[in-house]
Each structure stands twice: as structure tokens, then as C-alpha cells.
Amino acid sequence: MKKIIFMGTPSYATCILKALVENENFKLVALFTQPDKAVGRKQILTPSDTKAFLSQNYPSIPIFTPSSLKDKNIIREIKDLNPDFIVVAAYGKILPKAILDLAPCVNLHASLLPKYRGASPIQSAILNKDEKSGVCTMLMEEGLDTGAILESLECDIKDKNSSEVFELLANLAAKIILSTLLNFDKITPKKQEESLATLCRKIKKEDGLINLQNARELYQKYLAFTPWPGVFLENGLKFLELELVDELKQNAKMGEILELEKESFLLACKQGVLRIKKLQESGKKALDGRTYLNGKRLKSEDSLC
């Protein structure tokens, strides 16, 4: 039975953690995750998704929430646990060489590397209109997502939002990690092709700001930034649900309401047309498109904003 230290934080990582802890070939000896965070208006101290899952279902397994992995005491703790593998998935911290040298460190990355190294591979794939994405297992080294690839699985992501793709890739990751660890000695690591490498940065709230220039670009942002940070106009109006109707139409005025439907409306961009199904003004409740227009006394051929 192989001893595993798992390092991960969000729900994506929990799916992988669950697969490992339930498999009879592995013994989870510890979880490392981010410290509890203050959440919401009341700033309630909340554990990470992985910590909540493990403490509720496997309370005897130790959980570590260090602020730094460079602490000598933390490195000693890991060494004393004597793991056969350290598995890392969306942990949120860089592993120092002192830890990388203790055991094979296998990272699960939510892209088909070397594309989209970094913090937002799923959102970046959607923004770039990729129809395929996937998950890789790789041997970790000191560079950012630069290690040799062990295995990969791909899936179709066309017209799926980030939340849906996260779920798809989490399920793939839960499968591939078992395969990689069980067949580790038989796998020949494959170096990444550096000339094909691309980087992606962490998503910020302001990335959700949109204009009505291009319907296709706005739609891809909507998919990429659902559920967070969402998409919103400069005046704070949020588009919560929308569909791409036409990406080429150019003979209407930007921002013009083209047609009212039962619970939605068609909105002209400078190029293309969107169906707005649900929207929300800052500080107010969400409304379907038709109800919102009725409340504002807006009709066909009026400007939304």
C-alpha cells in the first residue's frame, strides 16, 4: 500500500482526494491545504473544501494548513511521514526544492500542457474558443507547470462554462491520478515542448468587465467567468444568463433592443446578437430579461444603456 500526502484546496482537488482516500491501493497519511479564510459579509472563518471533506469523513487523518512550506518544521513533518508520493492539485502554494526532493511529486494540471501553464487554464481555454481541453499528470520541478508529462486525458468543452468544465476535468483527474500512481514505474515521462508553451495569469474581478462590441467575445467571457467573477457592464449591470444568437450581424445600433421575447430579449452588439435571459442591477435582485425591460419601460429599438 503506497503512502500518499495530498496537497490541494478547492472542490476540484476534493474530487481527486476522494478517489485516493477511497482506493485500497493507497493510504492517505496527510492533507496539506490553505489556511481557513474569512468569508462573506460576516467574515466567518471557513475551511477549504478539501479540509471540510476530510475532517467530516476521515477525522483521523492529519490536516496541515501551513502559511509557508519553507518552514523547517513543516519540511521535517513531511519527511517523517515518509510518503511514497506527494500528489498536488490546485494547492495554491509553490513547493520548495527541499520538499520536491523528498518523494516523487505528481501534479494534476487542468490543461493539455504545455498550453496554459499557470493559474487559470480552464478560463483561458474557454476565452480562446478551444473546443478541447483536458488534464495532465506531471512530475513537479521548480518551474511553473514545466515538469515532464506522465499521462493526459482530454474532453470536449465547446459551449461549456467554467463551472461545467471544472466538474468535467475534476472527474477526469480523479481517474487519471489512480492510473498514474498505479503504473508509475512503467510510465516514461515525456518532456514538454517549450516552443508550444503558453502562460495564463490569475483571474481578477475586473476581468468580468464587458462592452457590447463583439457578441462572440462577450459570450466567451460569459462562459469563462461563470460563476466568478461573472460579466458586467461599466454601469454595474450584470448579465447572469445569455445565449449567442448571431455572431456576424452588423446592421443594428450597438446596445439596441432588437426584439422582446416571453422571458428574454435580443440585444445588438456592434457585431453580433445576444439573447439576454437574466440580468441584475447592482444591489438589486436578479430578473428575467423581459421583466427587467418592463420595469425600465424599455421597448424594441430602445437602447439598453
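The backbone N, Cα and C atoms fix where each Cβ goes, glycine too.
As the structure is a computational prediction, the values presented were derived from the model and not from experiment.
Annotation source Swiss-Prot lists (6S)-5,6,7,8-tetrahydrofolate binding site at Ser111, Leu112, Leu113, Pro114. The DSSP secondary structure for Leu113 ((6S)-5,6,7,8-tetrahydrofolate binding site) is coil.
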CB-centroid shell, 8 A cutoff, (6S)-5,6,7,8-tetrahydrofolate site Ser111, Leu112, Leu113, Pro114, site residues removed: His109, Lys115, Tyr116, Arg117, Pro121, Gly134, Cys136, Asp145, Ile149, Ser152, Gln192
In the chain carrying Leu112 ((6S)-5,6,7,8-tetrahydrofolate binding site), residues 6 or more apart in sequence that have Cβ under 8 angstroms from it: Lys132, Ser133, Gly134, Cys136, Ser152, Glu154
